[in-house]
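Feature annotations, courtesy of Swiss-Prot:
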- 60-165: domain 'THUMP' (DOMAIN)
- M183, L184, H208, F209, R265, G287, Q296: ATP binding site (BINDING)
Amino acid sequence: MEYSEIMVRYGELSTKGKNKKDFIKQLGQNTRKALHQFDGIEVKAQHDRLHVTLNGADSTAVMDRLKGVFGIENFSPSVKVEKDIAAIKATALAMVQEIFTPGMTFKINTRRQDKQFEYDTNHLNDLLGGYILENVPGIQVKMKQPDLTLRVEVRLNGVFLSGQTIQGAGGLPVGTGGKAVMMLSGGIDSPVAAYYGMRRGVKLDMVHFFSPPYTSEQALAKAKELTARLAGYSGSIQFIQVPFTKIQETIKEKVPEGYLMTIQRRLMLRLAAAVAERRHAKGIFNGESLGQVASQTLESMAAINDVTSMPILRPLLSMDKTEIIKVAENIDTYDLSILPYEDCCTIFTPPAPKTHPDLEKSRKYEKYIDVDGLMQEALDGMIITDIHPDDNYLNQNEDVFAELL
């Protein structure tokens, strides 16, 4: 069936009181950005729902994009017909016949914005329900939890019918929850944490630490490719590449082995906080899960967090690895995350890192290096890339094959 528009329903936005207008405006902007490649599409965000007028665009492709827009609870592809009862009946029947399977139940749900229309909601429900019962053998009416709800909206500019309700991404529109930076490695966890941050409306800039020649160009490309996939939920993302080689080499040379990881993490967090301040961000997200690795014990977190007063947000804190992997698979980042390119978090990992580092010793050993000078050099060398959903940085088949040779 050729649809004329997609009717979008809000989720949490309905509870936002006086701020609801701002949330709806942001959702409208995000939806337009997500659908920018489709010529002729019109997006109109209203108080109770958002309407996407297709004007001939491919409804299936548009709906695939809408599934990734945070703030959308669900949506329905709709057909517009004239305010003529015969046309309404014919379209309603065609919709039901397209979906119907033996034993299916249904109901009609009518809303009437145009109070001048000749039939009220109850009358229209009866007319359409009776017509479908007469023409679809075996179908039954069920008012509570039917298999099919045929929605009919009588508006001023026509009648709109829909027979499907497709689940959206939920959450809040990206941009309504403020701005933060995300410490993005090439692993499984940090992209999932970024997904959860954006789902709560936070606009994220990705901070990635790059340590050539110890980390490869493929590792950098993988991080950018992960960002491109995450950009599908926000339209575009700023990717901030921070050189970290000299800092890691200096730490390895001057800091006791057991504290290498702790001091590296302290410097990473210092740099992330500095980037956040430069970009007027109010927090730092990471992919830490309590107890998962040595740097993610409470003692390690305390020793590392010591370097900044900026909020450190950990969406995955209480999640098991199996739960995180399941989400990564669902958001299409898992296959990239497991590609065998080491990031800077793994290349200088000591054989026996401190799982319970002492805070005072951490402060002491950090003074063995020129923190300010190393940080300034890294910040001066950072590179910013604007990444969009369709950008491609990694030919996976070629690179994986090359890795195996």
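Yeah, the Cβs are placed from backbone N, Cα and C, and that goes for glycine too.
Long-range Cβ proximity for M183 (ATP binding site), meaning a same-chain Cβ under 8 A and a gap of 6 or more residues, is found for S190, V207, M268, L269, A272, I284, F285, N286, G287. For R265 (ATP binding site), applying a Cβ distance below 8 Å and a minimum sequence separation of six or more within one chain yields S295, S300, I304. Remark: of the binding-site residues L184, H208, F209, G287, Q296, the most isolated position is Q296 (fewest other Cβ atoms within 10 Å of its Cβ). In the predicted model, the domain 'THUMP' (60-165) shows an average pLDDT of 95. R265 (ATP binding site) falls within a helix when secondary structure is assigned with DSSP. In the three-state DSSP classification, M183 (ATP binding site) falls within a strand.
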